[in-house]
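Enquirer: Pasting a structure below so you can have a look.
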């Protein structure tokens with residue numbers, strides 16, 4: 001069996017926002033790739049890998065994935081944090097990649113084999129107003145999508161208003177548009193009414209609330225959009241208030257997809273066991289990789305909850321590959337969010353996931369089936385890149401009085 005000889009973090013994309021983990025072994029040419037990307041704290045994740053996890057694993061048998069996962073999980077003593085789980089997730093994916101290459105099989109075959117011929121996916125349609133949104137939805141339908149996420153005016157979906165139209169106090173904080181919950185509660189049902197009038201019931205829609213509402217208003221929104229038969233409403237309530245999903249479930253039949261910010265098993269376990277959600281939406285890398293997510297999927301299957309692993313603009317092709325291999329093998333798969341990578345980004349990742357119409361197709365090569373051209377990865381960084389000057393905090397929204405809106 002292959003022994004781990006080194007673990008390297010390869011930064012790529014503009015400003016180094018992607019971190020690809022490369023686990024090397026003592027077998028000639030045998031290595032694995034994983035995703036440990038964190039657009040807001042990339043260097044912190046790299047430090048965890050290089051200073052804590054890599055020294056733990058060098059010399060260990062790469063085949064013992066579960067034992068290595070538990071070793072990484074417990075060796076920092078404090079656990080269940082986003083940065084640690086991202087670091088673990090990147091290494092875990094790489095170990096599964098190695099195992100697939102050793103076996104000569106795609107990872108989904110190691111997870112039990114194919115449950116489906118391809119992976120249904122959804123894209124992101126948006127616009128500053130309903131006219132632009134309808135135009136974008138038409139484009140996605142023409143591309144073959146049957147499920148589409150719809151946002152109007154950003155994550156606020158019509159809830160952002162110009163400052164000159166808002167009642168702003170003196171010495172107001174911030175300078176951009178402000179988020180108004182009542183405007184949002186009016187705009188979103190109206191948006192879906194117009195979309196259904198335009199497109200009928202032949203296409204399914206999702207919408208991302210991004211935890212911008214108070215729990216009571218989230219329940220109101222879920223009730224108001226019921227007539228429009230959403231595929232799901234995403235992250236209606238912030239993780240700090242997940243107990244409110246009990247009240248939401250009692251009052252609305254709108255399907256709920258939850259978990260983009262989840263990293264701790266205690267955040268999803270009760271929601272799944274009490275059947276308060278319909279889709280679990282953790283990010284594969286943030287939850288601890290393939291090993292963690294196959295356990296989440298098994299728990300979810302027992303309680304009738306489906307998977308909808310989170311992707312999004314800051315995710316990389318390796319994370320998407322890991323998600324799709326899970327999707328192929330999980331019976332209770334629901335839908336997969338798709339990433340729209342630039343041509344030059346795809347060019348750096350040979351074997352990236354292919355999309356045809358509304359379906360994703362994994363590589364049939366051994367492992368995750370994806371390879372990184374390190375020269376092209378370096379070129380994606382751009383000129384003058386320096387990890388020491390990187391600073392990219394999440395851009396927060398505010399209400400009219402200056403109160404921060406929780407993302």
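For all residues, glycine too, the Cβ spot is worked out from N, Cα and C.
These figures come from a predicted structure and were not determined experimentally.
What Swiss-Prot records for 208, 234, 260 is Mg(2+) binding site. The D-arabinonate binding site feature in Swiss-Prot is assigned to 210, 260, 281, 337.
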Enquirer: Given the D-arabinonate site residues 210, 260, 281, 337, which other residues of that chain have a Cβ within 8 Å of the mean position of their Cβ atoms, reported in sequence order?
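Expert: For the D-arabinonate site, the extra neighbours are 208, 234, 235, 257, 259, 308, 310, 312.
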Enquirer: If you draw a 10 Å sphere on the Cβ of residue 281 (D-arabinonate binding site), how many other Cβ atoms land inside?
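Expert: Excluding its own Cβ, the number within 10 Å is 25.
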Enquirer: Could you tell me the maximum Cα-Cα distance in Å between the residues recorded as binding D-arabinonate, namely 210, 260, 281, 337, rounded to a whole number?
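Expert: Across 210, 260, 281, 337, the widest Cα separation comes out at 15 Å.
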Enquirer: Under DSSP, is residue 210 (D-arabinonate binding site) part of a helix or a strand, or is it coil?
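Expert: In three-state terms, residue 210 (D-arabinonate binding site) counts as coil.
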Enquirer: For residue 281 (D-arabinonate binding site), what is the secondary structure by DSSP, using just helix, strand and coil?
Expert: coil
Enquirer: For residue 234 (Mg(2+) binding site) and residue 281 (D-arabinonate binding site), what Cα-Cα distance in Å is obtained after rounding to a whole number?
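Expert: So the Cα of residue 281 (D-arabinonate binding site) lies 9 Å away from that of residue 234 (Mg(2+) binding site).
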Enquirer: To the nearest Å, how far is the Cα of residue 260 (Mg(2+) binding site) from the Cα of residue 281 (D-arabinonate binding site)?
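Expert: About 5 Å separate the Cα atoms of these two residues.
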Enquirer: Does DSSP give residue 234 (Mg(2+) binding site) helix, strand or coil?
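Expert: Going by the DSSP assignment, residue 234 (Mg(2+) binding site) falls within a strand, counted as strand.
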Enquirer: With every protein chain in view, what's the tally of Cβ atoms within 10 Å of the Cβ of residue 260 (Mg(2+) binding site), excluding that atom itself?
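Expert: Within a 10 Å radius of the Cβ of residue 260 (Mg(2+) binding site) lie 22 other Cβ atoms.
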Enquirer: Quick one: which residues besides 208, 234, 260 have a Cβ within 8 Å of the Mg(2+) site's Cβ centroid, in sequence order?
Expert: 209, 210, 235, 257, 281, 310
Enquirer: Neighbour count, 10 Å Cβ-Cβ cut-off, for residue 234 (Mg(2+) binding site): what number do you get?
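Expert: Residue 234 (Mg(2+) binding site): 24 neighbouring Cβ atoms within 10 Å.
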Enquirer: Determine the most Cβ-crowded residue among the binding-site residues 208, 337, using a 10 Å radius around each Cβ and all protein chains in the structure.
Expert: 337
Enquirer: So for residue 210 (D-arabinonate binding site), how many other CB atoms are inside 10 Å of its CB?
Expert: 21
